[in-house]
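Residues or ranges marked as topological domain 'Mitochondrial matrix' in Swiss-Prot: 1-15, 67-72, 224-232. Residues or ranges marked as transmembrane segment in Swiss-Prot (evidence: similarity to another entry): 16-34, 41-66, 73-105, 129-152, 156-183, 191-223, 233-256. What Swiss-Prot records for 35-40, 106-128, 184-190, 257-261 is topological domain 'Mitochondrial intermembrane'.
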Amino acid sequence: MTHQTHAYHMVNPSPWPLTGAMSALLLTSGLIMWFHFNSYTLLLLGLLTNLISSYQWWRDIVREGTYQGHHTKIVQKGLRYGMILFIISEVFFFLGFFWAFYHSSLAPTPELGGCWPPTGISPLNPLEVPLLNTSILLASGVSITWAHHSLMEGNRKQMLQALTITIALGLYFTALQAMEYYEASFTISDGVYGSTFFVATGFHGLHVIIGTTFLITCLVRQTLYHFTSNHHFGFEAAAWYWHFVDVVWLFLYVSIYWWGS
């Protein structure tokens, strides 16, 4: 191996971006097969390949950053910029859903009965499960901040406690959202209201599941002593992502559940 005279990380060739892209193709194709032909095979294959790719890719990053020392200050700076740009791209992703919702609701067409919610739709009560979900996510935002401060202060026990609480709240939110979908009187095929509601809240729910997966990974890494008070970007990125999920939910709650009902 040649001697490196700079602080940048020259990443070795990796198969995981390719297998990750293939799993994304299988997931989207699997969703189409599920929606149109009620077949789960391709979707389950996509989920399996996605989980394997994520695990292997995470393992490589942990090895490079924690054991091989490739994540220098300047590399961490680049990772921070990358995470910030990723979250900005996610903001615009959700902006499209809000645009679709407000475009449909601010000037309802005669086909919808000229009113919002459309004729025949019974919207969910914003003061029941949606309000509980809001309080759960806000509480999880507090607990993830507690975990971050505990980590920076070197308080390992409190960090593990706070992170476990955050994960439990994330799982509770997901369970309540699934129950709400199951009991809703309308479906994704009930016109523009059903499609905008389920696509916007469904993608947010997917982001909560992804964020919870990030936090579970951080919990495992913390139990293995991977993080220190000044070297923990993996956890920091997961915390940023969780706060983003919190903020998006507040906009969803105010727009779709409260104002939209």
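Positions of Cβ are set from backbone N, Cα and C atoms, glycine also.
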Hey, which bits of the same chain come close to the topological domain 'Mitochondrial matrix' (224-232), Cβ under 8 Å, at least six residues off its ends?
62, 66, 71, 151-154, 218
DSSP says what for the topological domain 'Mitochondrial matrix' (67-72): how many helix, strand, coil residues?
1 helix, 0 strand, 5 coil
